[in-house]
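Undergrad: Pulled these features from TrEMBL for this protein:
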- 45-294: domain 'G-protein coupled receptors family 1 profile' (DOMAIN)
- 29-52: transmembrane segment (TRANSMEM)
- 64-83: transmembrane segment (TRANSMEM)
- 103-124: transmembrane segment (TRANSMEM)
- 136-160: transmembrane segment (TRANSMEM)
- 201-225: transmembrane segment (TRANSMEM)
- 246-265: transmembrane segment (TRANSMEM)
- 277-296: transmembrane segment (TRANSMEM)
Amino acid sequence: MKISNTLNTSSTITGFILLGFPCFREGQILLFVLFSVVYLLTLMGNGSIICAVRWDQRLHTPMYILLANFSFLEIWYVTSTVPNMLANFLSDTKVISFSGCFLQFYFFFSLGSTECFFLAIMAFDRYLAICWPLHYPVLMTGHLCTNLVVSCWVLGFLWFPVPIIVISQMSFCGSRIIDHFLCDPGPLLALTCARVPVMEFFWTIISSLLLFIPFLCIMGSYTLVLRAVFRVPSAAGRRKAFSTCGSHLAVVSLFYGSVMVMYLSPTSEHGAGMQKLVTLFYSVGTPLINPVIYSLRNKDMKHALQKFLGI
């Protein structure tokens, strides 16, 4: 594996080197095949959910419309990192341009922000469905559902542009080597010519707000859901209520559990290997697992997928 040193001290930054997962050439090819399969399975799984919701009239409800939009988001989320990672596996230099690095930085975090907001409105939808079942069709109208979806995308893409632009204007010194498979704030801030505590503190604050505001909304929604479920007299009714929330809670646990480890303190002393593994889990692993979770635990979705796939 050849990594040039042409990017070490030049005043004009032409790019960074993404180390990714360093190993012998044979290992790089094996990783290329593995992640190509994972990427294709992710596209197929999430694409199948979108198609099932689109073509099954019974799934034209707010819950499944939100799920289809979430699957669409997952496709773009994994696409913001994996294609470049695949190209790097076959590259000798592993160079990403300066503009390419910060574009990936922006889209990866904007799509991740949008996912946080989507998980919150999906929890809110479950709260309305379980706590206000008779009023649910009046409360969660198609118009409100559309507004919530649009709001998630807009908020997600407006959350990070200012700090990312500020970081892009900083001076970078040293080898320009990023020991990661994507352009991440921790390794990037470590390459700046001088530490900028104010920027690090600001990044921590906006990341914490992004994580905790939707997370508190999710926890609040499910606290009210649990209180309502325990008032249901029949065990069958309680099981049905729990089954509608179980998939979403599993997805929330997987995503938030890993993201909170990394981005509440992006410059903290995480080992490079641990950073890569945790980031790989929530950016590649969860988009692959989510369709399985939703289809296995939901009879309507399972039936619609079987019908769509002709099984």
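Keep in mind that glycine also has a Cβ here, set from the backbone N, Cα and C atoms.
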Undergrad: Report, as numbers and ranges, every residue of the chain located at least six residues beyond the transmembrane segment (201-225) whose Cβ falls under 8 Å of a Cβ in that stretch; write 'none' if there are none.
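TA: Distal contacts: 113, 116-117, 119-120, 123-124, 126-127, 130-131, 159-160, 163, 185, 189, 241, 245, 249, 252, 256, 259-260, 263-266.
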Undergrad: Can you name the far-off residues of the same chain, 6+ from the ends of the transmembrane segment (136-160), with a Cβ under 8 Å from a Cβ of it?
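TA: Counting only partners 6 or more residues beyond its ends, the transmembrane segment (136-160) has Cβ contacts under 8 Å with 62, 65-66, 69, 106, 109-118, 121, 124-125, 128-129, 206, 210.
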Undergrad: Looking at 29-52, 64-83, 103-124, 246-265, which one has the highest count of Cβ pairs under 8 angstroms to the transmembrane segment (277-296)?
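TA: Against the transmembrane segment (277-296), the leading stretch is 246-265.
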